[in-house]
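Q: First, the structure itself, so that you have it in front of you.
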Amino acid sequence: MTQNTPLLLTLSRINLNKVMVESIFFYSFSMGSGTQTISLHSGSKLPVVGLGTDKSKGNDVAMSVNAALECGYRHIDTAFAYKNEAEIGKVLSEWFESGRLKREDLFITTKLPTIGNRFTDVTPFINKSLDALNVQYLDMFLIHSPVGLKRMDDDALWPVDSEGNLCLDNDTNLEELWKGMEAEVIAGRTRAIGLSNYNSTQINRIMKSCSIKPAILQIEVHAYHQQPQLLKLARQLGIAVCAYAPLGAPYKQAKAIDNLTLLIHPVVVNVAKCLEKSPAQVLIRFLIQQNITVIPMSSKPKHLSENIQVFDFELNLEQMEALTKLDKQGKGRMFSAGGSKGAIKHPEYPFNISS
């Protein structure tokens with residue numbers, strides 16, 4: 001197969017949680033990158049498997065990004081709120097300066113923090129991210145959450161008042177904020193823009209008022225939390241879905257779901273044994289066969305290598321249906337967009353509705 005040859009992987013018709021999904025998976029395959037891409041409506045090519053960097057700091061994130069690039073990852077996902085953009089930028093600069101990569105070889109995503117959820121704050125924060133990452137443009141800039149907080153100190157991502165209450169910006173205007181995001185595309189500071197942790201009502205509001213359509217919806221999706229209605233809406237609107245926590249955030253699951261993480265669930269383990277793959281590879285494959293891109297996190301080279309080697313096998317219909325039955329229909333959510341810190345009181349808190 002020659003480099004960048006278009007590849008039609010599969011046409012599937014699968015009943016997922018009683019929602020009939022018809023998907024044609026068109027990917028362009030690059031022998032050099034070791035991964036596959038999907039085409040966004042913005043014209044960009046998004047690698048199907050990327051590196052998530054939440055929780056990674058300092059030397060850990062540097063080692064993780066270096067190892068990921070060596071394995072063939074070409075999508076790096078970060079955020080202002082992760083406080084690791086500078087470390088990532090240093091690694092990327094070393095790769096660019098050495099000639100091992102060109103800027104156009106990478107898809108870089110970062111996110112606007114909740115303390116910047118105002119039209120006037122979008123440009124200052126994207127400039128901070130560009131400076132930290134040491135790049136001239138982003139491939140994707142996301143609104144991290146629809147919940148807006150007051151901007152008191154750029155290092156205070158969860159500002160609280162003297163009584164310890166979260167300083168909510170109850171005047172958050174999502175439609176106006178999106179206009180600020182559109183201005184960054186026009187200015188050339190990002191190639192595309194998208195949403196993260198938005199619910200269906202909020203997405204529809206943006207669609208009714210936007211001039212530039214969201215290219216990506218980044219949400220929590222894994223076998224315990226499948227969100228079929230939200231996925232269906234994104235497909236109908238032509239918005240690509242990127243799943244964070246595709247393995248179910250095992251460091252959180254053990255405490256939250258019967259002490260049984262997805263990686264050791266008997267259904268997942270049995271499918272993995274049948275296919276001679278790892279449980280993580282099965283969980284990732286489960287999502288990409290639904291045309292969902294993924295950004296699993298890991299700092300271990302072995303796991304990084306495994307997580308991207310998911311294009312040489314397929315799950316059959318029986319295996320897909322078995323994994324679909326693991327959905328806990330909302331009870332499997334691991335992330336609350338700051339709900340536990342008081343964000344649930346915000347008028348735009350996204351998880352007050354089921355989808």
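Heads up, the Cβ atoms here are built off N, Cα and C, so glycines get one too.
Copied straight from TrEMBL:
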type	residues	note
ACT_SITE	Tyr82	active site, proton donor
BINDING	His144	substrate binding site
DOMAIN	55-327	domain 'NADP-dependent oxidoreductase'
SITE	Lys111	site 'Lowers pKa of active site Tyr'
Q: Count, for each of the recorded positions Lys111, His144, the other C-beta atoms lying within 10 angstroms of its own C-beta, and report the residue with the smallest count.
A: His144
Q: Count the Cβ atoms, other than its own, that fall within 10 Å of the Cβ of Tyr82 (active site, proton donor), considering every protein chain shown.
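A: By my count, 22.
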Q: Give the distance between the Cα atoms of the residue listed as 'active site, proton donor' and Lys111 (site 'Lowers pKa of active site Tyr'), rounded to the nearest whole Å.
A: 9
